[in-house]
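Only one structure is covered here, and it is reproduced in the block below.
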Amino acid sequence: HDEHNEEHYELDEHHEHEHGEHHEHDHGEHHEEHYELDEHHEHEHGEHNEEHYEHDEHHDHDHDHEHDEHHEEHYEHDEHHDHDHDHEHDEHHEHEQGHHNGGEVQNVKLESQAAHEYPVEEDEAVNHLEDHKKKQSQEEEEVTHEGESREQKHDAAELHHEEVKHTTEEQHEVHPVQLHVEEEEQQQELPAGHAEQDNHKKNNKGGLLPHTQEVHHFVKPRKTPLTQPIRWDPIEYDLREDSDDEFEMRTILRPVYDEENSQVLQFKNGEPDYQGELLSCFDEPNLLYRIFNRKEKTWAFYNDTLHYEMHVQFTFGKHSMLEPLENTKMYTKPDGEHLAEVYVYPGETEMFVKGKVNGFTSKLRAVPLSDDYCKRRQELAEETIHQEMAQIKELVGDEKDAEKVLKLCLEHNLPFVDLEFPPCQDSLDTGAKKPFKQLPWARPSSYLPDNLVDQVRLFRGPIRPGEFDQGELGDVWLMCSVAAVSENPEDILKMFRHPAGAEAGKKERAIGAYRVTFNKNGLWRSVIVDDYLPISGGKPKYAKSNRDLAELWPSILQKAFAKMHGSYASICSGDPLHALQDLTGFPCCRFDSAFAAASCSSKDDFFQDWVKYTKAHHQMLLSTPGKVTNDENSNDLKLAKRYLGVGLQSGHVYRVLEAQYFAERKLRLVKLRNAWGRNAEWNGDWCSDDNKWEQYPEVAQACRFEKDERSTFWMSWRACLCYFNGGGVCFSHPLLNDYRVPSKFVAGTPSCVFEVNVEQPTWMCFTISQRDRRGRQGFNEYQPVMLSVAQPLENDLYKVVENSSNDASHPLRDKWIFFQARDISLLHRFLPEHSPYLVIPRLMQVDGQEGEVPYVIGFSCNKVVGHDGVTVQFKTIDKDNKVMHNFPKFEPEVEPVMAEYQVKPPHKGYAELKQGEAVY
C-alpha cells in the first residue's frame, strides 16, 4: 500500500525487566516500527499478553503466536466505512461518480477495514445527453405551396394575413434531431425589454450579439390554466400503518386525468402554456417541444426538462414575414434572412414568432442552467424568505435554537423558518471544495400547482423501495440505504413520528416544520427542519418522490440528514452501512475481506453466515465496482458495458434478500434486488429465463420462484462473488429494545461499565460509538477502542471471555484488538449460569490523546431490560484494575454509579430520557 504505516507495540509480560529493542524496516513506502517490552506477570508464568498497535487502512494483519493464553492487543486504524471526502464539482454536472480521496477520483476496491466512500453519481441527464453530441442538420428540398407535405404545411404554412407566392422558395422541414449539449457560455448583458426586431446589434464578426433574457418571476406566471383532473380519488393505503392518522392519510386524494385528451400524461415536468400541434425537437422525448398553432399562425417552444435551458435559434428565409413575440430577439442579416433567438427555461413556454414562414434552418442547444439564471431565481426567492425571517427575528432576537423558535412560531401562527439551517447558500455548500451553483429555495406551496397545495403530505401512498428520485446531490450512499430501510415501511414512518404525539406533529407541519429521528453519534436525536427545499426548474433539485411532488418524505429526510452534518455538501459521498446505522440505530459491519477471500476458499462459513443473516431479516448490501464516465477510453466505461452485458449496473448497490443452500446439489443461490427498485435484467445463471428453474422444480419451489417477477432476481453464489466486490450487513431486528448511555474515558478509564444479569439465555448487542467526523472540520482520526465481556470464575475473579472485532457476529476470544473506527459492536449470548457478567469499554491510550474522550454505549435486547429476567446495572471501575492493563483475569472492583440513558421501545421512533443506577 502507498504510504502504508504500521506500528506495533508488543507487551511481553513474562519477564521482570524491560527490553528497549527498536526495529525499523523500510520496504518501499511501507514502514513498520516495533517496540517490544517485557514485563512480569504477578501470577501465572505461562500467560503472555501481546499488545499490537496497527495503523492499517486496508487490511487486518493477524499475527498468531504459539503461547499458552496468548492475548494480543491490536490497534487498527479502521477507516471502517468512513472517509469524508469533499465532493468535486464539475462546472456543468456538479458531481462525478467515483471514490474520492484527497480530491482525486479513484476506483477503489472495497476492502474490510477500508474506507468505502460510495461513488457519487453524475447528473443522469448529462450522461444521457452527452451520448447525443452531434451537430443537427436539416435537409433542404424545393416545394411549392400546392405540393408541400403534411409536415411542410406545419412548418412552411402561411402564418400571416398576407400571402407571398414563391413557388420555388426553399422550405426547411423540422424533424426531431439528436440533442446537442454545449458548454455553458458566459452571456453578455443586454438591456431588458420587449421582444424586438433588431437590425443593428452586431458583434465585431458581423453576427448577433449574445442573446440575453431577463427573469422576472421565481415561477413564471401561466397565461392558460393547467389541465384540471376529471375527478379526485382516495388513495388506497393500509391505514393500520398509521392507525392514529398522524400523517393525515385518510384525507389524501389523487388527481385523475382524462387519459385520451390530457397532455399531463405526455409530459414529465409540467405542460405547455400554449395550445397547438406538438413536435418533439429531439429524438428523446421530454426535452424540447415546438408548438404550432395553425389558426393563430404562431410558434412557441416548451422545455420539459428540469436542469437545462434550451437555446433556440432559427434562421428564416428572406421572404418570411414574421414578428418576434415576447422574449424573442430577431435580427435581419445582410442577405435578407431573419435570425430569431429565444431561451426556454425549465418547465416554461416561450412564445417565438408569428407570421409567414418561407423556409428556415435551426440550431437548438441544451445548456446547463447558467449561473446568472440560478442567481436571479435565488434573488427572487429570497425576497419571501427574508420577509418571513424578519418576522421571526422580531420575536426571537438572536435566538436560533430550532425548538425555541418553533415554539414561538406556533404561538404566533407564523411560517417556520429554521434559523439553525436557513434556506441559503451556506446550507448547500459549506465544507465543499468548490462552491455549488446558487439555487433558489422554495416551499411546496410556491412550486406546486394550486390544486395540489392542500394535498401536501409526508406520505401519499404506500412506501416502496425505489419510489423516490435521489436527485443530483451525489449522496447515493444515503439514498440507497433509505431504499433498503423502506423495505419495511414502518421503519420509515417511525422516523417521522412526533415525540409528543400525532396532534403535535400536525400542528407543526401546518406551519412548515418537520421532525426526523436519527441515531447520530450513538444517541437518538430529533432533527427539526422547515420545508424550504433547493429548487431547479420548479421542482426539488435533490431527493424527491418520483410519483407525486406533493409527497415530501424523501426531501425532508435528506434535508434533515444534511442539517445534522452541516450542509448538503457534507453528505456527498459515503458508506451505505454508515447511513443504515444512522437511520436505524442497528449495528453494521463490512465484510469486504471475507467476501474477497470466499472466491478462493473451500470453506462454506461465509455463505452460511449469509443464510443466517437473511433468515434473521438482517439488511445486507452488495456493491459493484466502477464509476460512471463518458470517456470512451476509460476502463470504467468498458467495465460498465461489460456489466450491462449481463444485466447489472457498475458502481451500484444491491440489496441481498435471501441466501439458499441445497446440499443435495451443492447449490448456493442468492436473491437480490436493485436498491432503487428498478427492473432487474440479470441474464446469467439462474436468471428469470434460465431453463434451470424447469429442470430443478424443487429448487424453484424452495425459492418461491416467479418467472414474471422483474424487481428481484436470483444468481449463483459463484456469479455473486464474480460480479460484486464487497458489502456489509446491518443487524436489524424489528423487536429490539434499544438503550443508549452517554459516557467518557478519563485518562483511559471508562466512566461506566455494565453488570448484566439474565435468568435465561439472552442475546444482546453492545456498541461503542464515537462522534462522527463527517462535517467536522479539522477532525482526522477516531480513537482506538474495544469492548470486553467478562464472566465470574469460582475464586471470586473475573475472566475476559470475548473481545470485540470488526465483525459483531464473530467476536474474538484470544486477542485484544483495538479498532480505530466510528462504531464497534459485539454480539454475545448471555447465560444465567455465568451471570453476572461485566461489559467493559476500553480505550487504548496513545500519544497526543485528550484527557477526556467522549463516547456512547448502546445495547439492544429482544427483552425489556429491567423486566423479563434481564437487568443491567451501571458501575464504575478503578483505573488500576488489571483488566484495564490487558490482564485476562481480574478482581471485580466495581461500585454503583448514576447515569443518564435513553430508552427506545421497538414500536417507537423516538427515545425517552431516564436516569438511575440501573435500567428500569
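From the backbone N, Cα and C atoms, a Cβ is placed for every residue, glycine too.
Pulled from TrEMBL:
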type     : residues : note
REGION   : 1-102    : region 'Disordered'
REGION   : 118-158  : region 'Disordered'
COMPBIAS : 125-158  : compositional bias 'Basic and acidic residues'
REGION   : 183-209  : region 'Disordered'
DOMAIN   : 415-733  : domain 'Calpain catalytic'
ACT_SITE : H652     : active site
ACT_SITE : N674     : active site
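The secondary structure of N674 (active site), as reduced to three states from DSSP, is extended strand.
Every protein chain considered, the tally of other Cβ atoms within 10 Å of the Cβ of H652 (active site) stands at 25. Here the C-alpha separation of H652 (active site) and N674 (active site) works out to 8 Å.
In the predicted model, the domain 'Calpain catalytic' (415-733) has a mean pLDDT of 91. DSSP assigns H652 (active site) to coil, not to a helix or a strand.
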